[in-house]
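Participant: Quick one: this structure, given as structure tokens, is what I'll be asking you about.
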Amino acid sequence: MGRLTTHVLDTAAGTPGKDLAITLFKIVNNLRQPIKTVRTNHDGRCEAPLLEGEALQAGIYELDFAVGDYYRAAGVSLPDPAFLDVVTLRFGVADAGAHYHVPLLVSPWSYSTYRGS
């Protein structure tokens, strides 16, 4: 059964990115269709897969990570506008039966991702 998961690591603080808002979109005809918004838990993870089973279909998706709000809530001084406010990751799902883990490693000045397991 396929599933889509994520987690957030705050590389500036060396801690999980807890209570960070994430919005999932599916891209259909070049338009973003919102699917759900969740918040990470104390471990920087979502309580459940973002999508699983029949809900995960082949196609293009985006995850919006509200990193500016996360850092402001943590008391980090950011410029106005913030260098990174919303980090958007666009990725493709070719095999809807596979596990797609799309983590975000982030600081106020940089981010990276990879396809995890």
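Note: Cβ is positioned from N, Cα and C throughout, glycine not excepted.
Copying in the features that Swiss-Prot gives for the protein in this structure:
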type: BINDING; residues: His7, Arg45, Tyr114; note: substrate binding site
Participant: If I restrict to non-local contacts, at least six residues apart, and a C-beta distance under 8 angstroms, what lies near Tyr114 (substrate binding site) in its own chain?
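Facilitator: Set apart from Tyr114 (substrate binding site) by at least 6 residues yet with Cβ under 8 Å, we have Pro103.
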Participant: DSSP on Tyr114 (substrate binding site), three-state: which is it?
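Facilitator: Going by the DSSP assignment, Tyr114 (substrate binding site) belongs to neither helix nor strand, so it counts as coil.
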Participant: Near Arg45 (substrate binding site), how many other Cβ atoms are within 10 Å of its Cβ?
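Facilitator: I count 16 other Cβ atoms within 10 Å of it.
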Participant: Taking 10 A as the limit, how many CB atoms besides its own sit near the CB of His7 (substrate binding site)?
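Facilitator: Result for His7 (substrate binding site): 20 neighbouring Cβ atoms inside 10 Å.
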